[in-house]
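Below you'll find the structure, written out as structure tokens, and then a few comments.
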Amino acid sequence: NNYCKIKCRSGIHTLCKYGTSTKPNCGKNVVKASGLTKQENLEILKQHNEFRQKVARGLETRGNPGPQPPAKSMNTLVWNDELAQIAQVWANQCNYGHDNCRNSAKYSVGQNIAEGSTTADNFGSVSNMVKMWEDEVKDYQYGSPKNKLNKVGHYTQMVWAKTKEIGCGSIKYIENGWHRHYLVCNYGPAGNVGNEPIYERK
């Protein structure tokens, strides 16, 4: 498996560790659905690109303080099946958190994760989870060293100008009576890199 040759700062590549099969591996949890529909893929991509455009055009009024400045340029994201496969294999472990190594041969890969939990008999939509990432903008101050990644890191990855591709995976399962919906999105090239700005302001 070629993924075993991919180097990361720490850990073994997710597809080396768990293999390339996208079968759920959730222990005693009852899996209700694994994977995203074509429609959900399109929805996630559209939601990301619409939000990126909104921010790039200077139309995002929220922030700490807002509004967010317009961007000189921002790539339009395209879907990448390899990133989606790596995301899906990780989601299938039902282990909420970031995996250690998810890079592709092309570039280092960033990641956003979200989980919805409810005792009701439904799992919540992926678009609501993506919206939670967008909403972190309310705590973001452009260019400030005071931004905390644990508060705004999903937002900053979403609008990272140099990121070009996205691929996501998801799993819905029941754990101790809780309906859990876990979404993983991988981004390449990765955002949140060192002291680089999320985008250059116009």
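Every residue, even glycine, has its Cβ placed from backbone N, Cα and C.
Cys4 (disulfide bond) counts 10 other C-beta atoms within 10 Å of its own C-beta, drawing on all protein chains shown. Here Swiss-Prot flags Cys4-Cys16 (among others) as disulfide bond.
Under a cutoff of 8 A between CB atoms, and with a sequence separation of 6+ in the same chain, the neighbours of Cys101 (disulfide bond) are Ile6, Cys8, Ser10, Gly11, Ile12, His13, Thr14, Cys16. The DSSP secondary structure for Cys101 (disulfide bond) is coil. Summarising the annotation, Swiss-Prot assigns disulfide bond to Cys8-Cys101 (among others).
Within 10 Å of the C-beta of Cys94 (disulfide bond) there are 18 other C-beta atoms, taking all protein chains into account. Under the heading disulfide bond, Swiss-Prot lists Cys26-Cys94 (among others), citing similarity to another entry as support.
Secondary structure at Cys168 (disulfide bond), taken from DSSP and collapsed to helix, strand or coil, is strand. Annotation source Swiss-Prot lists disulfide bond at Cys168-Cys185 (among others), citing similarity to another entry.
On the 0 to 100 pLDDT scale, the domain 'SCP' (46-187) averages 96 in this prediction. Look at Swiss-Prot and you will find 46-187 tagged as domain 'SCP'.
According to DSSP, the secondary structure content of the domain 'SCP' (46-187) in residues is 46 helix, 33 strand, 63 coil.
According to its DSSP assignment, Cys8 (disulfide bond) is coil.
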